[in-house]
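Visitor: Per Swiss-Prot, the feature substrate binding site maps to Tyr300, Asp331, Asp342, His423, His430, Glu450, Glu474. Annotation comment: Swiss-Prot describes Asp331, Asp342, Glu474 as Mn(2+) 2 binding site. The Mn(2+) 1 binding site annotation in Swiss-Prot covers Asp342, His423, Glu450, Glu474. The region 'Interaction with TNFRSF1B' feature in Swiss-Prot is assigned to 54-79; the stated evidence is similarity to another entry. What Swiss-Prot lists as transit peptide is 1-31.
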Amino acid sequence: MPSLLSTPKLAPVLARLRGLSGCMSCLQRRYSLQPAPVKKIPNRYLGQPSPVTHPHLLRPGEVTPGLSQVEYALRRHKLMALVHKEAQGHSGTDHTVVVLSNPTYYMSNDIPYTFHQDNNFLYLCGFQEPDSILVLQSFSGKQLPSHKAMLFVPRRDPGRELWDGPRSGTDGAIALTGVDEAYPLEEFQHLLPKLRAETNMVWYDWMKPSHAQLHSDYMQPLTEAKARSKNKVRSVQQLIQRLRLVKSPSEIKRMQIAGKLTSEAFIETMFASKAPIDEAFLYAKFEFECRARGADILAYPPVVAGGNRSNTLHYVKNNQLIKDGEMVLLDGGCESSCYVSDITRTWPVNGRFTAPQAELYEAVLEIQRACLTLCSPGTSLENIYSMMLTLIGQKLKDLGITKTSKESAFKAARKYCPHHVGHYLGMDVHDTPDMPRSLPLQPGMVITVEPGIYIPEDDRDAPEKFRGLGVRIEDDVVVTQDSPLILSADCPKEMNDIEQICSRTS
């Protein structure tokens, strides 16, 4: 899905990322990365799937599908290593990281939205219940990243559980996630006096709290008190994002699963496309095929844009009829076991590209192929974006859409493709948004590559045959030391393949 062009300028980020690998090799020699001693998971339903109740989803030792207690513990150690590096000059200071869960949001009285955990909280512990707090606390007299991990969670409550379902409680939280300690949520208040001390540096995202009530009850008074001292609260958001930017092999495997099942859903949706057809039907078909293959939810409201509506980049009304002879642009993805996909394909609903549609489609496809070859270590999304604009400018001229000089080709390219070439991808669709696109890519980063050309029907500068056409082609890409790994490789994008799928009979 396209994102805005603006990116924050964070010059120190690159150096910090480069320094992390060396720090981690040292960390692995000096500190245990094992979670707390394994405790038997209660033989009952918890507030989320466990290896006991959902053995078809989780293996023993896993917190979420495919991700073990050891991996979550390693993430926490990496974060505390970054805290140690950021806090140079505060060697005698204790450090406490506080991360809030999401609350339950309601669409109306007593009618909740499907709960989705805050992804920074989820990344660090895997706990999927609302109204919870994760605390990582350094040991006095011991060097970071040595620390204690604590969860503060809702109490077991038979009355509420009758209505809302089971809760993990403190015993379930420890046994499932592998944190060192767990307490009822209200006991967090007893930790606050220690956090107020001048000797304790608190790391917490007070500018954008994920849970307004917990922030108001506990963290806002603490933040205001610390603001009057020399030891102010420091943000932890960017540190977590720097960790999330580079995926582990286990994370990449989850994203491969999401990419594969989304690709299969696209194929079935293409096959179901007959003219005329309602955008709402294709929306429903795509969601069904994702969910039927194991997706938890859609990653975002999909764009299902027929005809000229494809020129509205984030069109999500999806309520119009697509006529015979028109194309549909479907930008969709799913979330599977905490990781998402984000794929775009454009195809004719009657199964046959017209000559102008084929010209424009092939132009975008050639641009996308060229951009994919650039997805290697050392380049950046900004570099790929510049190449995309150059190629679009040339294609616009070749198609007779513009007659501009080379000097003004970039301006024309931005007119007909007003979005960036891509963004980082992971637990979120627009993942790690504070990480600049100017960062050199490195193995383990996952990005999207999504060039497009959009020609509104009222554009009098373009040849009439192209007016009202919009094409975008988007793939999900893992940067490796060798050639890029295309997570969406199973999703057809060659014109012959698309036409063959749309014309199949069974």
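Positions of Cβ are set from backbone N, Cα and C atoms, glycine also.
Remember, it's a predicted structure, so these values are computed and weren't measured experimentally.
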Visitor: What other residues of the same chain, not counting Tyr300, Asp331, Asp342, His423, His430, Glu450, Glu474, have a CB atom within 8 A of the CB centroid of the substrate site?
Guide: Met1, Pro2, Ser3, Gly333, Ile343, Thr344, Gly422, Leu425, Val429, Thr448
Visitor: What are the sequence-distant neighbours of Tyr300 (substrate binding site), meaning same chain, six or more residues apart, C-beta distance under 8 angstroms?
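Guide: Looking at Cβ-Cβ distances below 8 Å from Tyr300 (substrate binding site), excluding near sequence neighbours, one finds Met1, Gly332, Gly333, Asp342, Val429.
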Visitor: Hey, for the Mn(2+) 1 site built from Asp342, His423, Glu450, Glu474, who else sits with CB inside 8 A of the CB center?
Guide: Met1, Pro2, Ser3, Asp331, Ile343, Thr344, Gly422, Leu425, Thr448, Val449, Asp475, Asp476
Visitor: Counting only residues 6+ away in sequence within the same chain, which have a CB under 8 Å from the CB of His430 (substrate binding site)?
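Guide: In sequence order, Met1, Ser3, His423, Tyr424 meet the Cβ cut-off.
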Visitor: For the region 'Interaction with TNFRSF1B' (54-79), how many residues does DSSP put in helix, in strand and in coil?
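Guide: Residue counts in helix, strand and coil order: 11 helix, 5 strand, 10 coil.
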Visitor: Over the region 'Interaction with TNFRSF1B' (54-79), what does the predicted model average in pLDDT?
Guide: 98
Visitor: Using a Cβ cut-off under 8 Å and a sequence separation of 6 or more, which residues in the same chain sit near Glu474 (substrate binding site)?
Guide: Met1, Asp331, Asp342, Ile343, Thr344, Arg345, Gly422, Thr448, Val449, Glu450, Ser488
Visitor: Asp331, Asp342, Glu450: which of these binding-site residues has the highest Cβ count within 10 Å of its own Cβ?
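Guide: Result of the Cβ crowding comparison: Asp342.
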Visitor: Please list, in sequence order, every residue of the chain apart from Asp331, Asp342, Glu474 whose Cβ lies within 8 Å of the Cβ centroid of the Mn(2+) 2 site.
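Guide: Apart from Asp331, Asp342, Glu474, the close residues are Met1, Pro2, Gly332, Gly333, Ile343, Thr344, Thr448, Glu450, Arg472.
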Visitor: Roughly how wide, in whole Å, is the group Tyr300, Asp331, Asp342, His423, His430, Glu450, Glu474 that binds substrate, by largest Cα to Cα distance?
Guide: 16
Visitor: Hey, what's the Cβ neighbour count for His423 (substrate binding site) at 10 Å?
Guide: 25
Visitor: By the DSSP assignment reduced to helix, strand and coil, which category contains Glu474 (substrate binding site)?
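Guide: Going by the DSSP assignment, Glu474 (substrate binding site) falls within a strand, counted as strand.
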